[in-house]
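Asks: Straight out of TrEMBL:
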DOMAIN    5-132  domain 'Ig-like'
DOMAIN    144-266  domain 'Ig-like'
DOMAIN    279-388  domain 'Ig-like'
DOMAIN    408-516  domain 'Ig-like'
DOMAIN    555-657  domain 'Ig-like'
DOMAIN    667-776  domain 'Ig-like'
DOMAIN    803-907  domain 'Ig-like'
SIGNAL    1-20  signal peptide
């Protein structure tokens, strides 16, 4: 189409437009086009508001009324066209093609001289306000078609190698500046819809040969010359058979538009000239060279010789046996063997080759009685046609050559398999041929079988002289006996089993009226039926027997067998033994017809496992491995014969692979935490921050848990857990820090992925001690289980209070004696010295029993309020201040489990700050006292 190059150039222009106010653009004119040819005018709008798909209306202002709009066609209004254009619009002679939502083409299929005028493209307004231009115009001038191309219609009969010259007259009378191109084409016989380009003179005066004539153009055999202004001559030297057909000349006129793009405006073709080419051939003869007789089991070679003909002809050879084609080798050397001979060639028993350009060979390496007969070869001289196919120039046939089997002096019997092989696979057909020689006579035959490992023979089948067949008891249904000719008997066992192995005996008998008894001849042949199961091997392999958690591992079940693919189909069952079990469970079964059957065991397998299976390979891919997939795997293979599936036969063979252990391990942790230690001296009531820095961490989507620990300076206690921010960012406080006041004093903050902080507010004496953080790496598996990969602890941060001058001392605990069960006991805690008179004091009592650890019993606060460690202790014990320096813990109805270590901690409080608040100034613990409880009977 002439508008195709115009489309590309128009859209190149459109890409240069920018968004903003509405802008309608149209191809720049004037556009000159020839009468009777098509045109396409592009229009585009940009910078608009509203829907992405805009509408377009085309009008024309004709030279006879340049101010009057004549409506042509619209994308939105079917009644837009004026009557003068309505018929051409309805018949699609004029139509609008939408390229994009904002771009269209106006197509006029066949221009008329009256179509000259100024064409306007208008876009209806979809903007909130008018802004920009809504239409654009271009000028179209329709000029007469003045192009002509003529050539007299002729018929040439040429011989191969001769030359040819044809002339074409092409002229134009266009007033505008245009260029002309001329192209010669060949339409081959039988290819009416397909033409071959020979050579062309382009519009810019360049000679361009067609793809099929490039080499001949380079050699100077194909030329195109311009003789004068309007005459163009095609010259072809040394014609070839592929040049035969219809030749014609095509002239094309081009014009350059204002955007400097060349556009086709007219095209003309001449009448066709017929060219007939007679190939040059030389006569030849064909003969077969071979021995007329052969010995069974020996090799036989027949050579088809071509006598005469050209120096290096392209020949095709075809072999016939008893009138039927058996082999063909084409002129390109491609060999085609017919049924039966192809199998013998695969087994190395037969070879067809080309010994020289004029000699074809048919060689049989082990000749049998079935190879006796008449052989003939046909040789054809070929030539390559233009489209690549071969055409026959001449064909010759050799006389029949009869090949006979050498007859022994006495009648002999030959027993052989049809495949020439004495071993078949289970399920294959076994065909035995028994052939007798000598003079033609009426013969009978009996087939006997000696099963492998047994001496007792079994009758298989027999045929009397009149053709009556008898089958043995075990042969009915799968054995067939046929008479091929007067001396050849064929026994076929359709689907063999292992029990068909053994020695087969053929007994040929002859009865004559001149003899008092029957003469018989026997021949034996050992046949082995190979077990499919014995040759079946199943291997289980994995490249990742050790796989990291959340990674993918694959298992490959590879089936190996010595037998060829005799229509065998496989069913594979994958089995799994979890690490916590001693039993294998089936996971999935892929049947021979492609059905995938999932078992109920470990239902997550189906969601995360992909199964791939080909003829002898099954693959199991497990994604996002978890500990549930760790264990032992194996695959079981069942072999079915394709042609026995319809009868519901069981599997012919089965095998199971060795077991393969898959271990799922956690990835190695790369966690490193800042282990440097430091000492901070903090003013009382001030706030401080302890940092926990991550130096390195493992790759992947891992989460961190942070645990903060504290060891008070005042006691040799174990580390106390302040709080834990687990891998899900949930914060849990330790038992000693679970009160609202302690939660308000200590709180964590995650500053970044690699920095965590512990904030300590209102520093007191009881906050003195050593702090550290423990960082744990956690991985979440697909089954929702968290796995801890590693843990690292930071260095110690020791907090000390700057001295304030205040200090208290607690004396040894007063010991009243042993306690008696169900009695009462009072334990005293006394201060030997204390600070200023403005101080208040609190006391906390602790107990440590075997196997239960340290426990806070009761806290008498500085303001006199009592706080119990457990609500249930309120009825069992009581704490009070008996004097300014003495505190008493009293136990009611002492029980045996009250025995243990008891001690107190006294804390001094003073007012600090503005506004004032009570602050822990100093504290000290007493020594531990052992309380023994005696049974009430003592």
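Even glycines carry a Cβ here, placed using N, Cα and C.
Quick caveat, the model's predicted, so the values are computed rather than measured.
Give me the structural setting of these features: burial, nearby parts and distances.
Replies: Mean pLDDT for the domain 'Ig-like' (5-132) in the predicted structure: 86.
Taken through DSSP, the domain 'Ig-like' (408-516) splits into 3 helix, 55 strand, 51 coil.
According to DSSP, the domain 'Ig-like' (555-657) comprises 14 helix, 53 strand, 36 coil.
In terms of DSSP helix, strand and coil, the domain 'Ig-like' (667-776) has 12 helix, 56 strand, 42 coil.
Note: the domain 'Ig-like' (803-907) comprises 8 helix, 56 strand, 41 coil (DSSP; helix = H, G, I, strand = E, B).
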Asks: Quick one: find which recorded stretch in 5-132, 555-657, 667-776, 803-907 has the most Cβ pairs under 8 Å with the domain 'Ig-like' (408-516).
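Replies: Answer is 555-657, with the largest number of Cβ pairs below 8 Å.
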